[in-house]
Amino acid sequence: MTTSAAASPANRASKYLQFIQTYGMLLILLLVVAIFSLLSSNFLTTGNLINILRQVSIVGIIAVGQTLVILTAGIDLSVGSIVGLSGAVSASVTLGTGNPLIGIAAGLLTGAVIGLFNGVMVSYFKLTPFIVTLATMTAVSGITLVYTNGNPIIVSDPVYKFIGQGYIGPIPFPVVLLVVVYVLFFFILRKTVHGHYIYSIGGNEKASVLAGIPVKKHKMIVYTVSGLLAGLAAVILSARLSAATPVAGTGYELDAIAAVILGGTSLFGGKGGVGGTLIGVLLLGVLTTGMNLINVSPFYQDVVKGAIVLVAVLLDRFINADTQ
Amino acid sequence: MTTSAAASPANRASKYLQFIQTYGMLLILLLVVAIFSLLSSNFLTTGNLINILRQVSIVGIIAVGQTLVILTAGIDLSVGSIVGLSGAVSASVTLGTGNPLIGIAAGLLTGAVIGLFNGVMVSYFKLTPFIVTLATMTAVSGITLVYTNGNPIIVSDPVYKFIGQGYIGPIPFPVVLLVVVYVLFFFILRKTVHGHYIYSIGGNEKASVLAGIPVKKHKMIVYTVSGLLAGLAAVILSARLSAATPVAGTGYELDAIAAVILGGTSLFGGKGGVGGTLIGVLLLGVLTTGMNLINVSPFYQDVVKGAIVLVAVLLDRFINADTQ
Amino acid sequence: NSSNQNAGSNSNGNGTEAEGGNQAAGTDSVKIGYVINTLNNPFFVSVKDSAEKEAEEVGTKLSVVNANNDIATQLSGVEDLIQQGIDVLILDPVDSAGALPAIQAANDAGVKVITTGRMVEGAEIVTHLGYNEVKHGKEAGWFLAEALGGSGKIVELQGVMGTSTAQERSQGFQEAMADYPDIEILSSQSANFDRAEGLTVMENLLQAHSEIDGVYAANDEMALGALQAIEAANRNGIVIVGNDGTIDAFHAIQEGRIAGTMAIYPNQYGEKAIQIALQVANGENVKELIELPSIFVSEENVEEALSMQE
Amino acid sequence: MSEAELLRMDDICKSFGPNVILKDVHFTLLSGQVHALLGANGAGKSTLMKIISGVYTLDSGSVTVQGKQVSIQSPADAKRHGISIIHQELSLVPEMTVAENIYLGKEASANAAGMFFSKGRLEACTEKLLGKYGIPLDPRARVRDLSIGHQQLVEIMKAVSDESNILIMDEPTATLTTGETEQLFTVIRSLKDKGIGMVYISHRLDEIQEICDYVSILKDGRNTAEGPIRDFSSEKIIEHMIGKQLEHYYPSSDRVPGQPVLELSKVTKGHVLNQVSLQLRSGEVLGLFGLLGAGQTELLKVVFGAEEYDEGEIRIQNQAVRLDSPAKAKAHGIALVTENRKEEGLVLEQGTASNIALASMRRLSRWGIKKDGRIRSVANHYVEALNIKLSSIREPVKNLSGGNQQKAILGKWLYTEPNIVLLSEPTRGIDIGARSEIYHLLSDLADQGRAVMVASSDADEILGMCDRILVMFNGNVIAELKREEANEELLMEYASGAREKKEVKQ
Ligand SMILES: Nc1ncnc2c1ncn2[C@@H]1O[C@H](COP(=O)(O)OP(=O)(O)OP(=O)(O)O)[C@@H](O)[C@H]1O
Ligand SMILES: Nc1ncnc2c1ncn2[C@@H]1O[C@H](COP(=O)(O)OP(=O)(O)OP(=O)(O)O)[C@@H](O)[C@H]1O
Ligand SMILES: O[C@@H]1[C@@H](O)[C@H](O)OC[C@H]1O
Ligand SMILES: [Mg+2]
Ligand SMILES: [Mg+2]
């Protein structure tokens with residue numbers, strides 16, 4: 001066969017391009033890290049790196065669910081509001097039952113149920129994801145206010161707090177969770193049938209239906225997972241803070257979406273993955289911490305952040321110029 | 001020609017369906033209006049209807065620009081932040097020069113320049129609209145804080161205030177502007193080559209490029225117009241308040257996008273128009289005002305709003321069941 | 001002109017001991033971190049400006065971080081400041097809950113903590129510069145009730161639902177109203193601490209109620225927005241009361257357009273926070289609780305209030 | 001018309017990454033010439049044409065248009081130099097009307113005022129244009145609602161209306177029926193008389209013989225032969241294209257069909273299918289012939305559960321079934337090879353392996369986890385069996401040539417090992433060598449006792465490969481013919497409604 005002979009180098013080249021494409025942003029991240037390290041001697045320390053990882057764990061986990069949803073060409077605006085409600089539920093159930101595990105389960109379940117609702121609306125009722133999840137976002141924030149009567153809920157249960165404040169060896173527990181979630185979903189996207197279908201649905205939903213794939217079911221699962229992961233983020237957040245506040249999570253959806261797209265996943269579906277998302281999450285986290293460390297005035301922080309993000313995507317574009 | 005004969009009724013049917021499709025949401029709007037009218041005797045009064053129109057004028061005008069952008073399969077997240085900066089610029093220039101017209105021009109120009117910047121990034125540098133306009137949004141809010149040092153700017157110039165508080169006969173001037181903008185862009189979308197290209201670019205960008213259309217130029221124009229209209233909204237808002245506040249406009253992008261999508265324009269481009277957007281804007285405006293009027297507890301307002309939006313899109317889906 | 005010496009003299013019940021003590025040795029080597037709950041309104045912008053001004057005057061290093069009204073960002077900000085190697089942390093909590101881990105993290109790193117504004121239960125802090133939002137809501141409510149002669153129809157504009165400021169001010173206001181059976185609260189609506197929303201919500205309330213005698217707004221931004229709506233509708237004679245004591249509000253009081261505001265002098269607040277932080281850094285003794293000057297400002301004392309707000 | 005040189009390409013090289021696609025290719029087009037560009041799937045025909053039409057830029061070489069060396073950087077540049085192209089892949093705006101699509105980018109030529117846009121005037125111009133060439137399209141119809149063949153006609157008229165000197169047609173007839181093809185030839189002849197030079201790409205060699213004056217053949221991105229058509233018999237062309245002679249183009253069949261496995265009785269769907277009844281037996285290849293819009297595609301989709309039907313009954317192995325989703329149909333052992341590869345067939349961003357595996361994930365996984373090694377070997381098997389030309393089974397299929405994309409879709413469905421294989425225009429865009437392989441492949445399936453039903457508007461292929469033929473007209477099955485009794489004239493007579501309904505055996 002003529003093809004196999006030609007295949008090897010081409011294959012390698014395309015792998016190389018793909019590497020650059022995904023990891024162009026990684027290079028940029030490293031560049032930003034290098035710059036901050038030069039500007040502040042406190043930046044490149046183990047303590048600070050762990051600090052950054054812990055800080056990004058919450059949005060980082062939400063961004064995994066968001067990646068799945070966006071890969072199917074959908075969007076989930078409700079995740080931020082789920083953080084508010086799930087946190088309140090898990091904190092209050094922990095207080096009520098005295099059992100943190102039941103509390104945590106309740107928080108996760110709350111997230112999953114809201115996600116399932118979104119999924120059903122999007123898949124079975126064929127509603128636009130943007131509007132459905134926007135409506136859910138609005139309604140869920142309202143439900144949180146009603147549920148908490150607008151008041152924060154303090155939790156001091158040590159097991160509960162461990163989720164957010166504990167350590168496994170030198171590694172903060174939220175970071176452990178972050179890593180587990182990324183590894184798990186990296187595997188799911190690459191190695192499972194469900195992951196395969198996520199790409200095919202996002203790449204061409206019609207062709208997927210015609211290939212006999214239960215597209216609705218898989219889309220529904222994706223939204224449910226997104227809700228579930230937002231629930232997990234809620235538990236971590238409330239455990240980190242020893243408290244659930246009703247406004248917690250506001251705006252996290254945008255941070256998560258930004259990280260996903262910075263990481264190279266297309267809003268039109270079918271292209272990308274959680275590896276890129278992690279880089280996007282880290283880039284945003286490093287920016288925030290770095291600017292605090294080198295003491296950029298708060299009024300200028302947004303200017304600098306916006307500018308750096310723009311420069312990052314421009315650089316990325318030039319790195320990838322041929323691959324388009 | 002066998003087909004032409006068969007085509008006419010099909011064509012008429014499709015027009016009819018299109019009517020229902022666009023105006024299904026109109027029916028729902030009327031339903032919501034009817035319900036509020038039953039619940040509050042103050043709702044269906046000329047005074048209140050004018051009140052609603054004046055209130056929606058700001059987001060309504062922004063939503064026109066957003067419609068154009070979304071029709072090209074883009075998105076503009078920066079419009080809210082433009083409202084902040086353009087308002088500050090137009091107010092401060094009005095104070096500085098003593099000439100409200102120069103101030104207003106400066107405000108509009110600010111919006112247009114930011115929009116142009118977005119447009120260049122999206123068209124010529126081929127960056128993802130979501131990330132570009134998110135970065136601009138962040139940077140522009142920062143610039144506003146730096147420019148104003150975080151403080152509001154009071155304007156009391158009567159000409160300036162007229163833009164927001166004046167009347168033409170019984171009609172508030174912002175409402176006049178709203179109507180002019182909608183009529184103008186309804187016309188542009190339907191009757192000009194530029195409008196035609198907006199649809200073709202959103203419908204199939206590749207085909208548009210292959211047809212030799214200067215796609216980049218037209219996309220750039222669309223973002224510029226979106227910025228310009230956000231600048232206009234900023235002038236109206238600051239004139240209405242007799243003050244420009246640095247946080248003005250925060251979150252308006254989401255309201256505008258929601259209105260556009262509720263109005264039936266597809267996030268994937270090529271389908272929709274400003275007629276639907278107006279209905280979306282009105283629906284959201286009516287909800288807010290209606291709930292204030294019937295005195296829904298603020299704790300429950302979001303729950304009700306989210307639920308109604310969801311019911312609206314569900315109803316709309318059933319009305320349009322066959323057209324999909 | 002605003003020398004830091006006058007901080008205590010004209011405000012009610014403050015107890016700073018160390019006037020003049022802030023020039024103590026080693027100021028320039030002290031690093032202060034300030035996590036401020038929000039910069040989304042003029043009140044906190046003034047707090048920040050005055051703190052920065054004071055820090056510059058005394059020549060100490062100050063890093064300000066904006067928590068953006070989010071407790072997680074607040075915690076991150078504290079962590080970042082600890083990484084930066086600050087000596088003293090001034091924390092202006094976003095919420096009365098959720099700040100504990102941040103304070104603990106600072107303590108663990110050997111950073112001394114001062115809180116301002118809201119009290120954080122059970123936290124290990126050197127001192128608290130505080131005010132009481134329930135009390136503020138109450139005082140503003142009383143003023144409004146008295147201004148209406150103890151009877152009338154009023155509306156309440158609340159802040160961002162679910163934030164402790166909004167909750168506590170509303171609670172105080174409602175408690176005050178309980179003392180006035182002849183005052184009817186027609187409606188309580190949220191305008192999210194925002195001027196533009198204050199305008200639109202008030203426009204709607206004016207549509208809904210043909211008779212409104214008074215407006216209680218949980219902050220001045222909403223009060224000023226409501227003012228625009230009322231003036232545009234020519235509904236003269238509505239008594240408006242706000243909270244915060246921003247310059248814009250003072251001017252409106254001067255012009256007789258709003259009746260009063262529950263003022264917490266933001267410039268003194270920032271300035272004093274820095275002074276106390278320095279004392280703490282230098283190991284001086286400070287009181288456990290320092291009440292911040294807050295006073296209701298109306299037509300009567302607005303000139304004085306304005307002169308203090310320079 | 002004098003035979004002036006309109007276009008000349010010399011030493012054209014083009015690579016994608018490390019893959020050399022075109023190597024020192026030359027090509028010359030004269031005024032009034034219809035120049036066939038031939039080659040197997042993936043030979044580089046479309047790539048060469050995309051270079052002159054501004055879609056790709058060349059790596060090296062020169063392009064001369066009417067004696068002047070030019071640099072073409074964009075489709076707009078190409079138009080300015082008087083070059084138009086009918087792309088192999090449809091590039092229409094589905095939400096827009098026929099008129100809007102035909103005049104896309106040249107509204108000004110139909111409108112008086114440059115900035116303003118009048119739909120009415122576009123429609124009038126379109127009406128005139130369509131009338132001139134006798135093309136039966138409604139200018140006001142939305143393209144999305146047209147069958148793919150009609151969409152192709154729109155694409156053709158779009159290029160024709162450019163009034164360019166140079167017109168490139170990349171497989172314009174792949175989706176057209178004989179009748180439509182004749183219409184296109186009329187168009188071509190009239191353009192030829194005006195001195196317009198045309199490049200004509202097709203895998204249908206009879207068309208080449210009929211309409212072309214001159215032939216250029218590419219193989220693996222290099223020129224292999226060229227000359228006047230009279231010097232090139234079809235056999236010679238094939239030899240230059242694929243490097244060998246083709247024997248047994250169509251398989252010979254002496255099968256005896258078995259029991260009916262699929263039966264439709266009085267299946268009706270709107271105006272598209274009218275009381276359709278038919279039987280498909282195991283061990284037979286059943287042909288479904290019809291003109292554009294006769295309803296064959298709809299019929300297959302209904303059987304596959306991809307579209308609903310209003311009334312009637314479908315039975316599989318004598319059991320009445322309700323097939324309301326492709327997933328269910330698949331579970332009943334049915335496969336459908338769709339006709340519109342980009343929209344319905346492929347996940348373009350994914351590789352060939354991923355696409356081939358898509359419909360068979362259950363077999364290619366355990367506990368929900370993919371067997372990657374198995375997927376690779378399956379993909380490699382079909383790449384070999386179907387001779388798919390690609391650089392890697394992971395390379396996005398959007399980079400494959402049209403014909404190779406079609407083969408990937410075939411591979412996907414073959415691997416599901418269906419008992420009932422439905423195919424809609426399965427050889428569309430496939431080169432002559434591969435086409436013959438597919439015919440043999442389908443024949444083998446039938447020999448193994450599977451049931452094959454092929455919808456095609458290519459009468460020749462229907463006649464060559466099917467054991468039995470049903471003809472559709474206006475949503476009705478109007479005739480059933482045995483292979484022996486059928487011929488092209490008869491098929492056309494039924495398909496065009498010129499001959500009345502013939503008794504259809506139930
Ligand atoms: N954008 C691209 N990136 C990488 N490879 C490409 C790209 N476009 C085409 N190719 C490769 O170039 C080769 C030639 O493709 P081309 O489309 O020109 O073939 P063709 O002769 O038109 O074939 P067909 O008859 O199947 O249409 C193929 O192997 C194809 O995979
Ligand atoms: N979604 C749709 N909306 C409106 N009409 C449609 C739609 N889909 C198909 N049609 C019409 O139904 C008829 C049958 O279409 P179908 O695709 O089955 O034709 P076909 O015989 O397979 O034609 P071809 O030979 O072009 O493949 C056509 O007239 C087509 O225009
Ligand atoms: O005083 C208010 C402050 O406490 C709150 O957090 O934000 C709004 C302000 O006006
Ligand atoms: Mg080709
Ligand atoms: Mg068909």
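Glycine too: its Cβ is placed from the backbone N, Cα and C atoms.
TrEMBL labels come from automatic prediction, so no person has curated them.
The transmembrane segment feature in TrEMBL is assigned to B:20-44 (among others). Outside the transmembrane segment (B:20-44), and at least 6 residues removed from its termini, the chain residues within Cβ reach (under 8 Å) are 262-264, 273, 275-276, 279-280, 282-283, 286-287, 289-290, 293-294, 308, 312, 315-316, 319-320, 323.
Residues or ranges marked as transmembrane segment by TrEMBL: B:56-89 (among others).
If you look at the transmembrane segment (B:101-120), the same-chain residues 6 or more away from its ends with a CB under 8 A from one of its CBs are 65, 76, 78, 82, 85-87, 89-95, 129, 132-133, 136, 140, 155, 157, 159-160, 163, 219-232, 234-235, 238. The transmembrane segment annotation in TrEMBL covers B:101-120 (among others).
Listed as Cβ neighbours of the transmembrane segment (B:127-147) (distance under 8 Å, sequence separation of 6 or more from its ends, same chain) are residues 69, 74-78, 80-82, 84-85, 88-89, 92, 114, 117-118, 121, 246, 250, 253. TrEMBL lists B:127-147 (among others) with the feature transmembrane segment.
The feature transmembrane segment is assigned by TrEMBL to B:167-189 (among others).
Under the heading transmembrane segment, TrEMBL lists B:220-239 (among others).
Summarising the annotation, TrEMBL assigns transmembrane segment to B:277-297 (among others).
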Long-range neighbours of the transmembrane segment (B:56-89), counting only residues six or more past its ends (CB under 8 A): 103, 106-108, 110-111, 114-115, 118, 122, 129-130, 133-134, 136-138, 140-141, 143-144, 147-148, 153, 172, 174-175, 177-178, 181-182, 185, 189, 198-199, 201-202, 205, 218-219, 222-223, 225-238, 240, 244-257, 259-261, 263, 265-274, 277-278, 280-282, 284-285
Positions whose Cβ lies under 8 angstroms from the transmembrane segment (B:277-297), at least six residues beyond its ends: 22-23, 25-26, 28-29, 32-33, 36, 39-40, 42-43, 48, 51-53, 55-56, 59-60, 63-64, 66-67, 182, 255, 258-265, 304-305, 308-309, 312
